[in-house]
Amino acid sequence: MAFWSSTSVFTSKVPRKILFMFTLSLSVTYLFYSLMSCYNSLQFPLQENYVYQGRLVTEETTFVTLREKLYSASPGFTEFTEAERTTVVSTVKDHAEAEQRTVEWIRTQASPTKSAAAHHTTALEKEHQEFSTTDSDLRVNCTSDYGEKKLPQAIIIGVKKGGTRALLEALRVHPDVRAVGNEPHFFDRNYEKGLDWYRDLMPSTLEGQITMEKTPSYFVTNHAPKRIHSMARDIKLIIVVRNPVTRAISDYTQTLSKKPEIPTFEVLAFKNRTLGLIDASWSALRIGIYALHLESWMQYFPLSQMHFVSGERLIVDPAGEMAKVQDFLGLKRIVTDKHFYFNKTKGFPCLKKPEDSSTPRCLGKSKGRTHPKIDPDVIRRLHKFYKPFNMMFYQMTGQNFEWELEEDSETRSSQD
């Protein structure tokens, strides 16, 4: 009783306002320390993020250094060394695994860190995307160092068994000519595949080099002129022509080597040999009606964009014919007589490098086949059949190939 009595006396003596302020002060102090404790606990994951950001900066610096090293490769750079390739692969894997662990860790944090987690996740994804495109960017840059693939600026469009392969191989000796080895047959068989497919077949070229291809069947394909004109109206066209009688026999010889069971040349050449009716629908003979096919090309291209090579002169004077072709293409006359050696066994010139003392490089076994013996009367009738078409062709091209003067030699000819 004494205690409560004294307390009552004390309370009565102390003003109520002072007591209220004292109580309020204690409450504020307690609240302050509580907030400080909560603040420290909330700051811990953010500090972890800041530490990780520092690690990211270090790794990013490493990647930047690596990228600069790859991009600063010399023009002669072809591929990474094995050590560099291993370093790139292992670094990318480590970087990807670190990103994955970090994203999972951030997602497990308390709600106050959600905005920070979202920010870091976005940044990581952007960085990963940027690095993912580096490899493809490198491939593009490396390819550009060695040129780019272009649609051809010149095409050897004909004719079959005229000497197109010999001409193409001679042109490929020139450093400013890049040509496809195989015949693409784009404008007659593969046109539906599109120009991107066609361009991808071409070799890469540097500035100043010419892209070329040769497909002899273009010359006798009705829709080839229009299609080529749609691709490039200023393209240059090269046509290698040969005495149509010799060309037909050579064509037949090639077919005979693949199909020995076919009828004789005489049987295929005539609808009725007794009446002397020649079968001009037979492809081996129809190809040789050059004036008929040239008419289709002249509807789309002027003669100034066409160059006609004599298949006969390409054999006896390859350097002379090559000089004309190089002039037509706007090339320096680099391929000269020093690049040719006449092979008596083959019956036509072989290529060689002027400084090379090794065996000259000749065309394959498919060239220079021995012709079957043809009845001289059949050959005479074919010369008579082709003569008016040849005269028309001479007039259209402004060139006289003098095939009529070769009638006697053609009769005695026995080689392709």
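Residue numbers in this text run from 1 along the chain shown.
In case you wondered, yes, glycine gets a Cβ from its N, Cα and C as well.
Predicted automatically and left uncurated, TrEMBL annotations should be read as such.
For Lys161, the entry in TrEMBL reads active site, for sulfotransferase activity.
Its Cβ taken as reference, Thr370 (3'-phosphoadenylyl sulfate binding site) is surrounded by 10 other Cβ atoms within 10 Å in the chains shown. The 3'-phosphoadenylyl sulfate binding site annotation in TrEMBL covers Lys161, Gly162, Gly163, Thr164, Arg165, Arg242, Ser250, Lys367, Gly368, Arg369, Thr370, His371.
Cβ contacts within 10 Å of Cys362 (disulfide bond), excluding its own Cβ and spanning all protein chains shown: 19. Residues annotated as disulfide bond in TrEMBL: Cys350-Cys362.
Among the features that TrEMBL reports, domain 'Sulfotransferase' is placed at 152-387.
For the recorded positions shown (Lys161, Arg165), fewest C-beta neighbours within 10 angstroms: Arg165. Scoring each of the recorded positions (Gly163, Ser250, Cys350) by how many neighbouring Cβ atoms lie within 10 Å, the top position goes to Gly163. Taking only the Cα positions, the spacing between Thr370 (3'-phosphoadenylyl sulfate binding site) and Cys362 (disulfide bond) is 16 angstrom. Cys350 (disulfide bond) sits 12 Å from Arg165 (3'-phosphoadenylyl sulfate binding site), taking the CA atoms of both as reference points.
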